[in-house]
Each structure stands twice: as structure tokens, then as C-alpha cells.
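Student: For reference, the structure I am asking about is given below.
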Amino acid sequence: MTMTMEYHNPVLLHASVDGLNIKPDGIYVDVTFGGGGHSKEILSRLGRNGKLFAFDQDEDALANALEDERFTLINENFRFIKRFLRFYGIKSVDGILADLGVSSHQFDVPERGFSTRFDAGLDMRMSQKNNLNAYKVVNEYDEANLRRVFLDYGELKNAPVLTRTILEAREFNPIKTTDRLKEILSQHLPERVKNKVLAQIYQAIRIEVNQEMDVLREFLEQSLEVLNPEGRLSVISYHSLEDRLVKRFMKNGMFEGEPERDFFGNFSVPFKTVGKLIVPDSSEIKENNRARSAKLRIAEKK
Ligand SMILES: C[S@@+](CC[C@H](N)C(=O)[O-])C[C@H]1O[C@@H](n2cnc3c(N)ncnc32)[C@H](O)[C@@H]1O
């Protein structure tokens, strides 16, 4: 555990909530509740008739639930945002905030297996209900599949070598812990860039375990469906793969290709981007190291 017992220190708190342009009696969704930092800020700007729904797929986050009549916490994956809002009788909302990735709490609990700092079982699931875990990815994926994970999600040039090294090692004994994985791969981790490469390897496995890219795509598509006209989408991402998807979707309303043109030859797009890319200033990064890779984008539905 870290010295502070803080669950999570919210990143770009004011800018991301400002981005929602909160109407006091509106309905808002925080799809990544965590320690509730962003949710508290949203509630502080809502009036008596406002509502906030929050999602977190991690059971641990439930302990942070806020005592407030206007607030509902849903222990589910945000890839089902539309379905669960409907369950609560909500068809459309005025703003959605997503602060993607892993919480400090998840990093700081050694057994979760997210951190390169500790030895732990190969887990990396954000949700205790997830069937896939890091053990299965590392020990059961075939060569092509594992290479794809390292290439696509870790952007690791030596993905083929890393994959073969794992395949050779696991032939004799399954790889059960993060330390064992590090030991096996140590020959490919030059001291100078060791931490960076390790972080890329962990990131790749984590994205696969939690299906983060598919989940993000499904979430963005549904958020467009549930937002009211002039409703806002405020998204903080932490690596370029996420940011690329968010950027394209906010610009074009799609992930690939170009949108259709309207009668006048203009691109017909569902969002208007609000402001430019926002990143934390140096004082926030100094105070909160997790903020260093954060990128905030805001869009308004037309
Ligand atoms: C970066 S933290 C959010 C921290 C939060 N904004 C705060 O101020 O404390 C991300 C949280 O979102 C959750 N999460 C990530 N992906 C999710 C998903 N697909 N569905 C539901 N929750 C998710 C994680 O479990 C984690 O608690």
C-alpha cells in the first residue's frame, strides 16, 4: 500500500467537470466513479432536482458510494451504459464524464497485479466478475494472439521476441506471478528503458484482460445515442490508443474512415468539439504523478 490511504486523487477535476457545462436540474453520468472525486464535484454543481448516475465495475469502489438522494452508483461495466440507464428509467442525459483507466487504489493493492512495483498473481482484472485475467492471457493465448496483444496494445516493436520467450518458458511451468514474468523477460529489458518497456508490457496485458479498446468503442457509440442535443461528453484518457479513439469519435462520430457529406458538401458529424485538448499543468503533475499522461477532450452533441 502507498503511504497515503487515499483511494484516488482526481485528475483535471475542474476542467473536466466545467466541460459538462452543468445545468442544475440536468441528468449526468460519471462512468468511472473510483474514489468519487469527479462525482462529488458534479453533485456540488447540481440543484435539488439534478441527478447523477455513476458506474464502476470494481466492487472496491462501492465503499466510496456517496450518501446523496440525487446519486445512484451502478456496479457494472460502462459498456452497458445504455442498458443500465434504461433500467433506471433514463432514456437520455445531459452530460457524461469518463476518467479512463485504472485508479490509484487498483495500482496500490498488490494482489490486483496492476503495478510493476509488487510481486503478485497474474490478475489485472478491473472487475472481480471478469472471466479473463492476466494468467490466461500469458499462459493460454497462442503465439499469434499474444503477439497481437503486445503489438497492438503495448506498441512493442520486439513483440515477436517477447512472445516467443514467454511461450518457451511456459512450456515447462505455467507463469504464475508478475515477478516470474519479469524474470523471464528480463533479457529483453535493457536497464536504460527497463521501466518504460515493463510499463508497456503491463499496459498491453491489462488492456487485453479488460478489453479496454472494445469497451471504449461501445461506450462512445452509446454515449452519442443517450446524450440530449447540446449534451456534453468529457473524456480523460491516459494513453495514445485511447486518446486516438476519443479524438476521432468526437471529430467524426466514427472511428475509421470519413463521415458522409451533407447536401452542401460539408461533413455531417454528430458532435461539435469544445475547446482544444486540455492537459494538466506542471503543478498538478508535480502533486499527482498519475496526471502526467492525462488528456482531456470535450465535445457537445449537435
Ligand atoms: C481513473 S479511475 C477514476 C477515478 C475517479 N474519477 C475519481 O475521481 O476517483 C477509473 C475507474 O473507472 C473504473 N473503470 C474503468 N473501466 C471501467 C469500465 N469499463 N466500466 C466501469 N468502470 C470502469 C475503474 O474500476 C476505476 O475505479
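Using N, Cα and C of the backbone, Cβ positions are placed for all residues, glycine too.
Not measured: the values here are computed from a predicted model.
Straight from TrEMBL, here's the annotation block:
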- Gly36, Gly37, His38, Asp56, Phe78, Asp99, Gln106: S-adenosyl-L-methionine binding site (BINDING)
Student: Where does Asp56 (S-adenosyl-L-methionine binding site) sit in the DSSP three-state scheme?
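Tutor: The three-state answer is coil.
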Student: What same-chain residues, at least 6 away in sequence, bring their CB to under 8 Å of the CB of Phe78 (S-adenosyl-L-methionine binding site)?
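Tutor: In sequence order, Val31, Thr32, Phe55, Gln57, Ala98, Val215, Phe219 meet the Cβ cut-off.
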Student: Might you list, by sequence position, any residue in that chain lying six or more from Gly36 (S-adenosyl-L-methionine binding site) with a Cβ less than 8 Å away from its Cβ?
Tutor: Tyr7, Ala54, Ala61, Asn64, Ala65, Leu66
Student: For Gly37 (S-adenosyl-L-methionine binding site), what is the secondary structure state per DSSP, taken as helix, strand or coil?
Tutor: helix
Student: Among all the protein chains here, how many other CB atoms are within 10 A of the CB of Gly37 (S-adenosyl-L-methionine binding site)?
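Tutor: Excluding its own Cβ, Gly37 (S-adenosyl-L-methionine binding site) sees 20 Cβ atoms within 10 Å.
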